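Under the heading phosphoserine, Swiss-Prot lists S2, S4, S6, S285, S311 (among others), citing similarity to another entry as support. Positions annotated as region 'Globular A domain' by Swiss-Prot: 4-94. Annotated domain 'RRM 1' per Swiss-Prot: 14-97, in sequence order, evidence recorded as sequence analysis. The region 'Globular B domain' annotation in Swiss-Prot covers 95-185. What Swiss-Prot lists as SUMO cross-link is K113. Per Swiss-Prot, the feature omega-N-methylarginine maps to R206, R218, R225, R232, R284, R300, R318 (among others); the stated evidence is similarity to another entry. Taken from Swiss-Prot, the feature region 'RNA-binding RGG-box' covers 218-240. Marked as compositional bias 'Low complexity' by Swiss-Prot: 308-320.
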Amino acid sequence: MSKSESPKEPEQLRKLFIGGLSFETTDESLRSHFEQWGTLTDCVVMRDPNTKRSRGFGFVTYATVEKVDAAMNARPHKVDGRVVEPKRAVSREDSQRPGAHLTVKKIFVGGIKEDTEEHHLRDYFEQYGKIEVIEIMTDRGSGKKRGFAFVTFDDHNSVDKIVIQKYHTVNGHNCEVRKALSKQEMASASSSQRGRSGSGNFGGGRGGGFGGNDNFGRGGNFSGRGGFGGSRGGGGYGGSGDGYNGFGNDGSNFGGGGSYNDFGNYNNQSSNFGPMKGGNFGGRSLGPYGGGGQYFAKPRNQGGYGGSSSSSSYGSGRRF
């Protein structure tokens, strides 16, 4: 049986969200364009279940990850005379995380060991794309490494590829990788989700299940004071000064009173690092870091797909 007939790579890694579609685009015209870069195992334009009108986005699934990379490397794409925005599709589970659908070029890397140097990070992450900046964070007073870093790429596609994969090993140790978001981006993400502005790129099942809450995760909205604590935790993550809220506040703590300086063992009082499921950072479940949080970084230009062609409801909980 051929590789295309029996794909061995996870479907989620082979799927692209295509935003900004013309309302005239059909499954056939979408397929005709994207199959230029490889065999498609699925292709669908999402439509309103009642009116059958296009919702302005769709999904294409390739037979192999290699073909997904080829299509992304061929950007920009124009379908039926309109420039569209392809992005790596986000699973339903991951789509609940704050900022999951924002377009960013920077990642947070947590749980790195004290002997990890810039070249270790570069050696591992350069397989995903061109790296612009690597910043290993240190304590301003002692100069001791704080156990986390930021890596900035020249293309959001590199970040999307990285965060889809659950496990990353740097310098022989597992680490936690998330999109790095500014407080402004977090507020924007929360606002757009509550307003149903069509900023998502969900991708579960055939066409994606568009489930979710009005807020990201389960801990309420993340735009307010102490906004990153989750519903079960005490300290907020990057709220009003307690949390890590950017490079201008290097002496700050990661929420509930303890600084993140044990290189993977965040073991201080009540801060809840994961707004998704409440595990403490360094925690007892859900892998080494417990939850599904995002991490604040230096503000940058905001991105994300929220185009006018996709104004109908995301997050309704129905499957199409």
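Every residue, even glycine, has its Cβ placed from backbone N, Cα and C.
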Taken over the region 'RNA-binding RGG-box' (218-240), the model's mean pLDDT: 32
CB contacts for the residue listed as 'SUMO cross-link' [other CB atoms within 10 A, all chains]: 15
Helix-strand-coil residue split for the region 'Globular B domain' (95-185), DSSP-based: 24 helix, 34 strand, 33 coil
